[in-house]
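Trainee: Once you've had a glance at the structure underneath, I'll fire off some questions.
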Amino acid sequence: MLDAFSKVVIQSDAKAAYIGGSDLTALKTFISEGNKRLDSVNYIASNASCIVSDAVSGMICENPGLIAAGGNCYTNRRMAACLRDGEIILRYVSYALLAGDSSVLEDRCLNGLKETYIALGVPTNSTARAVAIMKAAAVAFVTNTASQRKVEVAAGDCSALAAEVGTYFDKVESSI
């Protein structure tokens, strides 16, 4: 995983050039938006269990066969695995948001995820639906439109961060 600073340094070093121009401007923007980014990650982390459990509940409401005998969420062990996977996905999305880079999400979470789910017989359409529900909830927390938020919101527009977190969830959905 490379953060915004490491990327700029590596790119400049490869060109044997000083850091300047648009790279420096982008880093200045990244720093000035840092508190919003930290707050956004905090909103997601502080509400992670609610985000995940609501997503899994929504997935099950739309497909009740998942909790019927033989369903992929039937038995406590399978339900716990489903919740755990949702927590892992959400955690890596928050890491990507913090770094401003999706490589940690792609390398450590999404690489081989679809193949694993197929091998285990996990219905990918239901999983993708749960991810979409998590996306909607996370975006609502970042933009301060969630009805049950637990933390105070810093002043400022977070629509760019909401769009960014949305793209990370889109990557998860498309990889499943």
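Cβ coordinates come from backbone N, Cα and C, glycine included.
Computed from a predicted structure; not experimentally measured.
Pasting the relevant annotations from Swiss-Prot:
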type	residues	note
BINDING	Cys50, Cys61	phycourobilin binding site
BINDING	Cys82	(2R,3E)-phycoerythrobilin 1 binding site
BINDING	Cys158	(2R,3E)-phycoerythrobilin 2 binding site
MOD_RES	Asn72	N4-methylasparagine
Trainee: How many Å separate the Cα atoms of Cys82 ((2R,3E)-phycoerythrobilin 1 binding site) and Cys61 (phycourobilin binding site)?
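Mentor: That comes out at 15 Å between the alpha carbons.
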Trainee: Work through the recorded positions one by one (Cys50, Cys61, Asn72) and name whichever has its CA nearest to the CA of the residue listed as '(2R,3E)-phycoerythrobilin 2 binding site'.
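Mentor: The answer is Cys50.
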Trainee: Using a 10 Å cut-off on CB atoms, tell me which of the binding-site residues Cys61, Cys158 is the least crowded.
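Mentor: Result for the binding-site residues Cys61, Cys158: minimum number of other Cβ atoms within 10 Å at Cys61.
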Trainee: Report, in whole Å, the straight Cα-to-Cα distance of Cys61 (phycourobilin binding site) from Asn72 (N4-methylasparagine).
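Mentor: Between the alpha carbons of Asn72 (N4-methylasparagine) and Cys61 (phycourobilin binding site) there are 14 Å.
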